[in-house]
Each structure stands twice: as C-alpha cells, then as structure tokens.
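Peer 1: Look at TrEMBL and you will find A:80-268 tagged as domain 'ABC transmembrane type-1'. Positions annotated as transmembrane segment by TrEMBL: A:21-42, A:86-112, A:119-137, A:143-162, A:209-227, A:247-268.
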Amino acid sequence: MSEVAGRRHQISLPQWATLPVVVGGFIVMAWIIIGLTVPLWAPYDPTMLAGRRFVPPGAEHWLGTDALGRDVFTRTLYGVRHSLPIAAAVIASAVVIGCTLGAIAGFVGGIVDEAIMRLVDVTLSFPAILLAMAVTAALGPGLANAAIAMIIVWWPIYARLMRAQVLAVREREHVEAAIASGATPSRVLFKHILPLCWSPIIVNATMDFGQVILLAASLSFIGLGAVPPTPEWGQMISDGALHFYRWWIAAGPGIAILTIVLGFNFLGDGLRDYLDPRSP
Amino acid sequence: MREPLLEVRDLKVAFRSHGRAEFQAVCGINLDVERGQMHAVVGESGSGKSVTMLAIMGLLSPSARVSGSVRLEGEELIGKPERAMRRIRGARIGYIFQDPMSALNPLLTIGDQIAEAIRLHDRKITRRSAQERAVELLRLVAIPMAEQRALQYPHEFSGGMRQRVVIAMSMANEPSLLIADEPTTALDVTIQAQIMELLERLRAEKGVGIVLVTHDLGVVAGAASAVTIMYAGRVVEQGSVDEVFAWPRHPYTRGLLGSLPHPGRPKPRLDAIPGAPPPITMRPSGCAFHPRCAFAVERCLTEIPPLRSVGPSLSACHRAEELPPLTSAMEAANADR
C-alpha cells in the first residue's frame, strides 16, 4: 500500500480526453452556458442604450460602448444566442440532407449516383461565400434566409463524405456475409452499412460548426445576415469597422468568434483522433 | 441413385469489361455434392473457385453473365428472382467466408448477429427465443461460456473463435448445404485443425453437405471424400479423394501433390510447378495448362481436352492414360491428418 502511495499520483483519464478535446470542450461548453443563462446575469440590455457613446473599456463597460451607447460586452455575450442555434440548425439540416442523398448515391449507384454527384459537383464549384451571398441576396437579408443559404452551401460536403463512406463500408466482408445470409437491401444498408459510416460525419460536423459561425458572421458583416439591432457578431464587427479607431467595438465580437471557432476546431480534431485512428 | 443435394451442370460465368471482349471466368463446370458429403474444390488463385461458389449463391454482380444449371435439392437456382434467392441464402445454403476477422459486423454483439441471421428467415420467432437459439448455436460450435460470449463484440474474440461464430451463423437455419470458401486460410495451423474438426463434426452429426474451397491439399486429404481440381476456369480432374491422390490422372494434380512436403523423406527443395496460372485476359490456346506442363505435346496447344473418364476418376488431359500411379504423395498428404 505504501509503495503505491509513494509513487507519483497518476490521474487516469478516459481515452478520448486529450488536451485539445478538453480545452475545446471547455470553450464550447462555456459558450453554451453563456448562451443559455446570459439574460439572467448580463449587466445591461443588449439593444438598449447603456451609457454614453464610444466609452472606452473600463470598469463600467468592460468592453466599452458602441456608436449608439450600447454595452459591447453584453452584446457580445448575447451574440452567441444567434450564432450557435443558427450553426446547429445549418449543420443538422446539411447533415440530414447530405447524408440521405450521399447514402442513396453510394448504395444505389448507377444513374442515381451520377445525378446526385453531378449536382454536388456543381454546387461545390461555386465559392461558398459567393453562393451564400447570391442565395441570401435572392431571398432577402435576414438570419433565417442566411441559414437557408448556408444549408445549400453545406449539404454537398456531407453528401460526398457519406457516399465515400458507404462505398468503402459496403465492400467489407461482413456486408457480403449479411447478403449471403439472406438480408434484404434495406436491412443491409441500415444495419450493416450506415452504423459504420458516422465517425467522419461527426468529426466533420464538429469542425464545420466553427466554419458555419464564421460564414454567418461574414454574411452579417456584408449586411446579408442579421439585421440591426440584433446583437450578431458579424453585424457588430461591421459597425466597428465604421469607427475604426474605436477598436473595442469590433474587439468583443472578434474575440468571441476566434474562441468559439477555435473551440470547435480543437474538439473536432480531438474527436478525429479518437474516432478515426487511420488519419494522422 | 439418390438425387444429389447440389447438382451443378455446365456452369459458365463470363464478365464483360468496359466494352472490350467478354472474359470467361468459369468455362462450363459440373459438380455434384451428396447430403452429408464433403466435396473439396481445389485450385490456385484465379482458377474460378470463388466465382463458381458466388454463382451458386447468386451473389455475382449483374455484369456477370451466368449460364448453365445449378440445382439445389432438384430446384433450379439460375435465373431465380432475387427475392426468391434471398429466401434460399442463409436458410438452405450457408456460406462461410474466408476471413473471420472481417466477416462479422463490429457494432453488433455476437448473440445479436446470430439472432439476426435466424430472424431473417423466421419472422415469427421472438427476440428472446432467437437469442436463446444463438446461445445454443454457440454451444454447437464449441464456444465455452456461450451465454456470456453471446453478449460480447467481435473484437473480443480471437480469429479461431470468430470463425466458429461465422460457422454458427451459417448453421443458424440448419441449411442442407454449407459453402466454406477457404475457411482456414486466415487462421493458424493449430486452429485450422480445430475448425476442420468442427466442420467434419457438423457434416457427420447434422448431415449437411459441404463444399470446401481450399488450396490446401493436406486439408482435402484429411476431411473431404470427393475432390474437384480446377485450373483456369475448368475442371481438370474430379473423383474420390482416395483415387485422385493415389493415382492423379492430370499433370496439374500431380504437380500440386508433388509440391507438398514429404515427411520422413526430406528433399532439399520441393517440386514446384514452373510458371504461374494464366491471367483471365490471356488464356493459352488448347489446354490452358500446356505452357507449364512437362507432358505437353503438339496436340495440347490446339485442342482443348474434354473431361472424360480415366480409370475411376474424371480427367481433362490428352495423355491421362500414360500417367503412372503415385504413392508418395498420398503418404505425404495422409501424414498431414
């Protein structure tokens, strides 16, 4: 017993709990908690005037006030209430649409595969921001329309991923074995192929969370996403850009975007190491 | 004579490759398997063994052109609609794959996996009784602590144990025919013997007919009663194991037997068959074996030898009658038992 106690204490973490996962998970969790609870403890109202205009950061206003006298810190915290739900909705829809079409393409093959994959090629051949801009411009500005645009931009990525996974998994011998024991095609697909396809989808979806938040902010920045006075990060940075020497107006949302994107990237990277041992 | 369990007549399989010529992977083979018999099909890689087995199961891709006749208990399988074939696969023909490491779904427990094979063909069975039957099957294939093992995942099983699971799955619906496609190739020699013992026991106890695809003649000598030797998509020799091993009537069979190690009579080198089997795109004229054959004459280059009775066996060699009996090979193979 004494020998054990004498040794250096070793904390045994679960296998998935690597440093990036812990750091990334912590950042993301923190933002989620902020998003859920901020109305309970925020110092000011995000859309109401909180003081004089252009107050620099200080004890009263931690990140200063903007051109209308609203508290930048409060608005930054409230911003996550727009960014995260939008990202979640976009990723969820893109995964559902993309994976369904990708699985159909990979499993059915032939002309169906060709049709779906050419549509994917066409969609992916547009630069993402340009396509999103064009769609939002056509639908009219607003966060909901921006979300629709981003779904249109994102689903082909998941269609491709899913198709590649299905093609790889269907060649495995246990699939052949299932067919040889008399399984129907739908059973083969749902029981023996799809359950083995999820890990890259999960990893990619986590990483894309950050990317979607970035693109949403970009659309808002150019005036195609959130409309004022919504406290949306891209929109706030766009405000800040008008008053370039009042650096604090853009600093809050900038740091927010930086941390949340970084958090999701860390989380995604760590998940990939855990779920997909083949990749470096 | 009784109606054979499996009767393959003039089975041909051709593949069309992107607008180019059609390639004949299997050029008309016959194969009979009786109930409770183990029939070995032997040949090098690319000789058409596996394609033949997949054709019997109706598992070839639609690009393959299959003709001839495959009868299971008198019922023609070639040209049967896919739905009807699904009811035969797994229920009346069990299939054992070569590599037990990849033949099991890694995300399902062993018990669920076997239970699924049962439920595919018996819609009315309850989940519970399917599970019980799965445990029973694990006992049949001599897996200790079957109840606990049924709750484990494939990665918790060793290769030999997994192959037992695969065999249990293939036996789930008490098929009358088992096709074992190189069931021991991926396993250690000691485990090989155990698996062969298990198959032998299933044959004797359950009366299941087994087609054993292999390239291990030692295994053939130990377990099978009939043997078919394939080369380049054709049967070159067919007969009872005893006859064929004692007096092989085809130079290829003699080559295969000659390349076995002879215990007790050490040789510095084993006799290898020179050359390699021809690829499907360039099959030689006449007898496909002639470029590698020590007995080849002018006639072998032009005329495809038909499979014909030579003594008690069937041989496809123009010079079959001139080949003397062989004794040492049989001894060697027997020593492998």
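From the backbone N, Cα and C atoms, a Cβ is placed for every residue, glycine too.
Note that the coordinates shown come from a computational prediction; the quantities given were computed from them, not determined experimentally.
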Peer 1: Taking pairs 6 or more apart in sequence, does the count of Cβ pairs under 8 Å between the transmembrane segment (A:247-268) and the transmembrane segment (A:21-42) hit 3 or more?
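Peer 2: Between the transmembrane segment (A:247-268) and the transmembrane segment (A:21-42), contact is present.
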Peer 1: For the transmembrane segment (A:119-137), give me same-chain residues lying six or more residues beyond its boundaries with a C-beta closer than 8 angstroms to one of its C-beta atoms, as numbers and ranges.
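Peer 2: Same-chain contacts beyond the ends: 145-146, 148-150, 152-153, 155-157, 159-160, 215, 218-219, 222, 224-225.
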Peer 1: Please identify the stretch among A:21-42, A:143-162, A:209-227 with the greatest number of Cβ pairs below 8 Å relative to the transmembrane segment (A:86-112).
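Peer 2: Between the stretches A:21-42, A:143-162, A:209-227, A:143-162 has the largest tally.
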Peer 1: State the non-local partners of the transmembrane segment (A:21-42) in its own chain: residues 6+ outside its ends, Cβ under 8 Å from one of its Cβ atoms.
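Peer 2: Tertiary neighbours of the transmembrane segment (A:21-42) are 74, 77-78, 80-81, 84, 259-260, 262-271, 274.
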